[in-house]
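Asks: Once you've had a glance at the structure underneath, I'll fire off some questions.
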Amino acid sequence: MRLRHKPYAMDRINEYSHIVIGNPEERAGSWKEVFGNEQPIHIEVGTGRGRFMYDMAKANPHINYIGIEKFTSVVVDALDKLIEEELPNLKLINKDAEDLTVFFAKGEIDRVYLNFSDPWPKKRHTKRRLTYKTFLRNYEEVLVEGGEIHFKTDNQGLFEYSLMSMAEYGMLLTYLSLDLHNSDFEGNIMTEYEEKFSSKGHRIYRVEAKYRTEPMQ
């Protein structure tokens, strides 16, 4: 996907620095102070234009959310939603998720969302997939003990790879759907991509995976 350059993006982001948090590494261990409360914190890695995080934050004011998106021209669209209607329980980070363990202290996050991540289908790009073992290790480091990953995609190959990667890492798969929109799952909040792909008849895959608190026997 070609991203359209938006020359105003950085100025807009800098103007609303209370929403798009600059230097997030300086906030590690103090995100509850940023939000001003003790509510649990959920993050989305690759938040895109922010529809999912926005709708989640609006539906769940008792939870704090942070959307992480590395592309400035994309995260500014998420910011524009919040300029129109600011939600006190939603912040954004315009950085690469590879640095996740620098942004958050150990055990600071309660849940990680991965929605319609780039599948990186070529074998030589396997390490870039957000469910590759190094990313799983980073999520585990910032999550509370027994923390969860909730993952959705329309890409069967990526889904199968992710199930294998999570299982090999020793995670527990606590929920699995091979056709989310025709399942009994309640309360699904869609992303922009999810709405687009499902309207074309694409099957949506979903898994919830939990880190073990005790080593496998």
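Residue 1 is the first one shown; counting continues down the chain.
Each Cβ is built from the backbone N, Cα and C atoms, and glycine gets one as well.
Swiss-Prot lists D118 with the feature active site, giving similarity to another entry as the kind of evidence. Taken from Swiss-Prot, the feature S-adenosyl-L-methionine binding site covers E44, E69, D96, D118. As annotated by Swiss-Prot, substrate binding site applies to K122, D154, T191, E192, Y193, E194, with the evidence given as sequence analysis.
Mind running through what each feature is packed against?
Replies: Around the Cβ of D118 (active site), the same chain contributes G46, R128, R129, L130, each under 8 angstroms and 6 or more positions distant in sequence.
Just so you know, the Cβ of T191 (substrate binding site) picks up 23 other Cβ atoms within 10 Å once every protein chain is counted. In the three-state DSSP scheme, T191 (substrate binding site) is classed as coil.
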Asks: Which whole number of Å gives the largest C-alpha distance between any two of K122, D154, T191, E192, Y193, E194, the residues noted as binding substrate?
Replies: 25
Asks: Comparing the binding-site residues D96, E192, which residue's C-beta has the most other C-beta atoms within 10 angstroms in this structure?
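Replies: Sorting the candidates by Cβ neighbours within 10 Å, the top entry is E192.
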Asks: Greatest CA-CA distance (Å) over the residues E44, E69, D96, D118 that the record ties to S-adenosyl-L-methionine?
Replies: 14
